[in-house]
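Feature annotations, courtesy of TrEMBL:
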{"type": "DOMAIN", "residues": "38-488", "note": "domain 'Biotin carboxylation'"}
{"type": "BINDING", "residues": "LYS154, GLU238, HIS273", "note": "ATP binding site"}
{"type": "DOMAIN", "residues": "158-355", "note": "domain 'ATP-grasp'"}
{"type": "ACT_SITE", "residues": "ARG330", "note": "active site"}
{"type": "DOMAIN", "residues": "582-851", "note": "domain 'Pyruvate carboxyltransferase'"}
{"type": "BINDING", "residues": "ASP591, LYS760, HIS790, HIS792", "note": "Mn(2+) binding site"}
{"type": "BINDING", "residues": "ARG663, THR927", "note": "substrate binding site"}
{"type": "MOD_RES", "residues": "LYS760", "note": "N6-carboxylysine"}
{"type": "DOMAIN", "residues": "1128-1197", "note": "domain 'Lipoyl-binding'"}
{"type": "MOD_RES", "residues": "LYS1163", "note": "N6-biotinyllysine"}
Amino acid sequence: MFLPQSQAAFRTLRKATPRVRLFFINKNAYSTQVEYKPIRSVLVANRGEIAIRVFRACTELGIKSVAVYSEQDKMHMHRQKADESYMVGKGLPPVEAYLNIPEIIRVCKENDIDAVHPGYGFLSERSDFAQAVIDAGLRFIGPSPKVVQNMGDKVAARIAAIEAGVPIVPGTDGPVTTKEEALAFCQKHGLPVIFKAAYGGGGRGMRVVRKMEEVEESFQRASSEAKAAFGNGAMFIEKFIERPRHIEVQLLGDKAGNVVHLYERDCSVQRRHQKVVEIAPAPRLPIEIRDKMTEAAVRLARHVGYENAGTVEFLCDESGNFYFIEVNARLQVEHTVTEEITGIDLVQSQIRIAEGMTLNELGLTQEKILPRGYAIQCRVTTEDPANDFQPNTGRLEVFRSGEGMGIRLDSASTYAGAIISPYYDSLLVKVISHASDLQSSASKMNRALREFRIRGVKTNIPFLLNVLENQKFLHGVLDTYFIDEHPQLFKFSTTQNRAQKLLNYLGEVLVNGPQTPLATSLKPAEVTPHVPTVPLDLSPEALEREKSGEAKVTAPPQGLRDIIVQQGPEAFAKEVRSRKNLMLMDTTFRDAHQSLLATRVRTHDLLKISPYVAHKFNNLYSLENWGGATFDVALRFLHECPWERLEEMRKRIPNIPFQMLLRGANAVGYTSYPDNVVYKFCELAVQTGMDIFRVFDSLNYLPNLIIGMEAAGKAGGVVEAAISYTGDVSDPKRTKYDLKYYTNLADELVKAGTHVLCIKDMAGLLKPESARLLITAIRDKHPDLPIHVHTHDTSGAGVASMLACAQAGADVVDVAVDSMSGMTSQPSMGAVVASLQGTPLDTQLSLNDVSEYSAYWEQTRTLYGPFECTTTMRSGNADVYLNEIPGGQYTNLQFQAFSLGLGDFFEDVKKAYREANFLLGDIIKVTPSSKVVGDLAQFMVQNHLTSEQVLERAEELSFPKSVLEYLQGYIGIPYGGFPEPLRSRVLKDMPRIEGRPGAKMEPLDFDKLKAELKESHSNITDRDVVSAALYPQVTNEYLHYREQYGPVDKLDTRIFLSGPKVGEEFEVTLERGKTLSMKALAMAADLKANGNREVFFELNGQLRSVHIPDKEAMKEIRVHPKANKTLKSEVGAPMPGDVIDIRVNVGDKVEKGHPLVVLSAMKMEMVVQSPISGVVKKLEITKGMKLEGDDLIMVIE
């Protein structure tokens, strides 16, 4: 060993003297006449992390480092890490640039290079390259050309192994170049066999074949991969040994013929013959087998005259027999683990040996080389393990590595903004851990990998973590079947990547505008609503109760829900009826904002005020907060999960019963469903936190109502059957819906088992006198039945009507907090509370609490300016008694009229609504029947039709779909039957449904639906399945949106709707204790060639940027279309790559799984299969075309 002073002296000699012949005499008096020539500069004929690895060794030795790079790699990190760098292969394909021997030699000669290091891959095992380097008067840092040739030739290597007495596996005598030769060998020797590239390694061009019919196809694919990777498609075939361990021995040899081993590595954790995780030394390998194996490796190396670094690979079976596979006459990817356990720098050793130093002079005698502890290497690649390890390319939006004691990283281009190209290997970074034992080393590796944050491309880190936590791995029980026999390794917890997804959403809003349609030109207010504080009882008594396991000091007081949970629906109904005061249901959380703000209020704002409501309004009858239109709108426009809304509200309001709107057999949809869908929906709703089901039918059709009641009751919910009110029971001229009609219907619902009876006055038609008559009549017949009245305040008489209901015997009436009341919403909570103070019906609510509650919503309402009903509706209107438009529909109808260009004709629409109602038979009007009337009314106004003209021309007009389906019977049968002759004239010979629509529908197969959803989406839950059963397309689009943009429901409302201002700082709380700090910095003015615009943000103080397609600008440039992920008919590229084969033509019939196209990327070929059966309608690709991920390949009908 040299002293530090000697090393410094030799660095000086290298710089001063080109060639010096020196003789070395060490303390053991060993001498040699090997010529020593110091190396002053090294060119690395490679790229990526191995190039950087060699550069670092050069720098430590005082040697100049030189890089070469392809045209595609001009921004790559390896060229920046070198002292000098030169482009090679300009105009050539990416891989060929690094295979261009003449140009690499030219760079060496023109720039006074002393030596060339080949790295691994590319030219590292090409003997002609080694010879060209030497012929040019340069030094090749590796074995001699002859050894490279013989060891790279599988046949010559086998012969050498036999001569050296090393056991071998039966195989072909020479390279095989045709599928016929391959088939003949297999037929002669039997299966299984393995195809291996004759002129390269690394798992490229390797296939195991176990079926004779797969021989030809596997040979062609393997040969094609080998040719792409190594320039020669010749294959070597040998018998495949089952259940082997793949163990390799690291060697170093010098020019004097000395050879040592640096112990072994276990490379058994492989996939597709590609090493994934390597361990040194091999765990659980008996010492006697290790000794035999290392001795055989050294013997073979000496036999062939091996010098420099190399590896001898073996297969070791369960009995301890081992067989020679091949020699890798180069440095290997996994050399790092050997360096860690031996403390020997293999790259520096390579360079010193190339200079002429002997192993003895380097202090590398066998007895001095000892393993210490265990090292593990994990290859982090840009491959998607959830998608069959398809290569993933793109831009690294985020890169944060795991580091710390015992962790080493070897990487290149691992920084935010780096581009991962499809042209080269998918290796991103090698992570190496070292500790005293295997379990400790695995623990360090696990921790380091969990610290990584890589965004923009998929990586195999989730898979690596599963490997590291596998008990067999941790105990070193390994063979090459390890991955294949552990399918649980492929069960991943999907990384949420929430922050980056939110940045993509914000970028999308900034570049392309709001992602939910805005109904008016009003902007969301720049206000942060004040949330009133929640009382906290810190008295000694309260703290003692918490300590003993009772209610926490933060828990709200008890409410009526405790009775539902503890005693059931019947006890709840009895308690409600027993109370003498008037009880209130608050609709602020649902119907109020449906009526005033187009149902657009988001979970984000509902949750903020929820704790206050729980503490201050615990004696409410219920909160109406779910169901009806909120379900559809949450998914379709707010991009949030309605189930999560219910669940999160329940966490914050555990004491007040929740009430939802259930459309009978229509659940929360707009059509009929199989009965089991309604039952499943109710079951899941109760499990998620729902208590009371207000069950109604849009036509008061009893069969539909009863299905909903039975479903809600079976799920354990409180059944509140609702009678939808229309007409006027105080007007003797309105005879269709008279008092008797309603009392008879009430009798039927009581007989069906309702716990509570609701009068659902959805248009606000219940005048005070009508209310007195109706409630009195029902109370007289059913004295023990709780009665609940729901209304809208469209006329302005809502408070008076509700007070009349209370005085007539109603137990519960609906109100909305003051700032969300009036007009088409419910009557004012404050007005009803104040009106009854000091009376026997006193609501027992505090007007001060109502005022604070109202103040929050007054501010919050301004955030929803784009949906504000007052932009088109200035006040209530008593003409509702004429047109009978439901409150929830009134504002929506007004917005629709404006969007259809009928804004100036809204009065005509209201008059037409009345006419349409009578045309259809004077029907009950509530979703979905109200939509039928509304659609017909707008149809009449658009086409300037009177009711007489509609009836006369019914046979020739093209009616809205909703009108046709109503007349066919899809939503039930109206009281008094369908209108004739209109129905017959409109339908002509169209089919009609008799009876309840859902009665004849086949039960939905939930398992099948779940399996279908899982084909397109990850993390599918039962909630998603039920949502898809109700709204198939809307749910599919929502799931795609969630996967692309993450938890957008966590954004503040103004930011969600219109995006942040440039320079604005804001916070996003993802969950308790996890808050992101964000700032919008800038949006690039220039457009990229692919139509993307870069948007810059600051996230938690770090610069981030996202690339967003500018949809408007892209209309002007040609960009390859992307496949629509929501359409199975559109086949997209599963990975970026080149189209090397197209196996179908337009018009061809294909079955599901039929091969369509062969793509090649990162030296891997992939066959794209048809996702469905059908006919190829359109091809969007040509052979040789370069594709990006998700580019449209073809359309199949």
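Every residue gets a Cβ built from N, Cα and C, even glycine.
For ARG330 (active site), the nearest of the binding-site residues LYS154, GLU238, HIS273, ARG663, HIS792 in terms of C-alpha separation is LYS154.
When the C-alpha distances from ASP591 (Mn(2+) binding site) to the binding-site residues LYS154, GLU238, ARG663 are tabulated, the minimum falls on ARG663.
When other Cβ atoms within 10 Å of the Cβ of ARG663 (substrate binding site) are tallied across all protein chains shown, the result is 26. For LYS154 (ATP binding site), the same-chain residues lying six or more positions away in sequence with a CB closer than 8 A to its CB are GLY171, PRO175, LYS196, ALA198, PHE236, GLU326.
Counting every protein chain shown, 32 other Cβ atoms lie within 10 Å of the Cβ of HIS792 (Mn(2+) binding site).
Other Cβ atoms within 10 Å of the Cβ of HIS273 (ATP binding site), summed over all protein chains shown, number 18. Between the listed binding-site residues, namely GLU238, ASP591, the fewest other CB atoms within 10 angstroms of a CB are found at GLU238.
In this structure the alpha carbons, written CA, of HIS792 (Mn(2+) binding site) and THR927 (substrate binding site) are 15 Å apart.
Break the domain 'Lipoyl-binding' (1128-1197) down by DSSP state and the numbers are 0 helix, 38 strand, 32 coil. GLU238 (ATP binding site) sits 71 Å from THR927 (substrate binding site), taking the C-alpha atoms as the reference points. Within 8 Å of the Cβ centroid of the ATP site, not counting the listed residues LYS154, GLU238, HIS273, the chain contributes GLY171, ILE194, PHE195, LYS196, MET206, PHE236, ILE237, ILE325, GLU326. Other residues of the same chain near the Mn(2+) site, with their Cβ within 8 Å of the Cβ centroid of ASP591, LYS760, HIS790, HIS792, are THR587, ASP761, MET762, THR791, ASP814, GLN826, GLY887, GLY888. The Cβ of THR927 (substrate binding site) has 23 neighbouring Cβ atoms from other residues within 10 Å, across all protein chains displayed. Sequence-distant contacts of LYS760 (Mn(2+) binding site), defined as residues of its own chain at least six apart whose C-beta falls under 8 angstroms from its C-beta, comprise ARG694, PHE696, ALA722, ILE723, SER724, TYR725, HIS790, VAL926.
Considering only the residues assigned to ATP binding, LYS154, GLU238, HIS273, the longest pairwise Cα distance works out to 17 Å. Mean pLDDT for the domain 'ATP-grasp' (158-355) in the predicted structure: 92.
A gap of 60 Å separates the Cα atoms of THR927 (substrate binding site) and HIS273 (ATP binding site).
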